[in-house]
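Colleague: The structure that follows is given in the form of structure tokens.
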């Protein structure tokens, strides 16, 4: 089933929309009930009384219920005119007295015609003081009867409208506040889940709200505690394995130093293997370390890139640069970003053919740095798996490595609320670009400079 294009996504918006819809439906239903069972019967009764008044004023005789004909004296009719404020006008005089501004109502004319027994036209004039009813009956087709409704004032409807609007706004405001309170535990749960996704275990959440939400929060706290225990056990295990492995490696290195000069080539080969083992162990430790919470600070991204370029460049490796002119202030953990850039450069050196390019730049609200190589590249269908631990591309299977370098980069960038993007370099190799968020003030300034 397709979701409506403009349907709200969040539970807060959906619940608020549901309450507002139900409130509106309740108001419409109340209006229809009052209209059909109170207003329309009262209006019919009003028309009936008004019809009797008009008939009494327009005829000399009235027929009573028992059939007796009653003669209405002219003086009595004039007294009724005066008491009720009724006036008689010719067609031209009625136009000048306000008939031109009166609105014709077909249903009132139809009901009045039924009461008077002949064609009747009813118009209603709404002025600043009170409404006025104009009638022209078949009894006197050239005379308009003006009946002011002095007991009904236009201002009487304003409080009713204000009270109805106030009740509706109070109901919507109360619903909004209630839903906000109900959704607050879910917002806390969302933030905590995002932290767990980054490898940061938050403190146990406070269990409050509805019983279902409390149950979910309790289950989440149990899950987070289990994840933390698992992460701690893993870190302890890797630390123990690292210590236990480096001890025999150190003894092997000491043994190679006591080998004779004739076995120098063998000692050099053994030392290379020892260095590779140490590098693998260090990568495991780095991978575990990146899951921990890191203190952030404002730092210049270009300065961090420059330190890595200076450290990784040498007589065996030339790194081409295309850095953004000026500084790029980013909220980051400089040591972690330095580790990520170094891993990207080492990856480019290991799988490329000697050419490496490091560049940086800015866009509105974010900055980026990029490392390119001229190696065989990675097929597009394999790129989405490249950041998973221990996963390596087909072209890298013949080269030694753990498959953790880019996984470490991914973790570091995720901890900075950034994202990674793989592409093809200008020389056909692999291009890795990391995006980092930039404070709004800095992003606006960067846009002007660029």
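Each residue, glycine too, has its Cβ placed from N, Cα and C.
Bear in mind that the values here come from a model prediction, so they are computed numbers and not experimental data.
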Colleague: Have a look at 153, 243, 385 and find the one that Swiss-Prot tags as phosphohistidine.
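Modeller: According to Swiss-Prot, the phosphohistidine annotation belongs to 243.
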Colleague: Identify the motif 'polyP-periplasmic motif' range according to Swiss-Prot, selecting from 71-75, 76-80, 81-85.
Modeller: 71-75
Colleague: Suppose you had to name the range Swiss-Prot annotates as transmembrane segment; which of 159-179, 180-200, 201-221 would you pick?
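Modeller: Checked against Swiss-Prot: transmembrane segment maps to 159-179.
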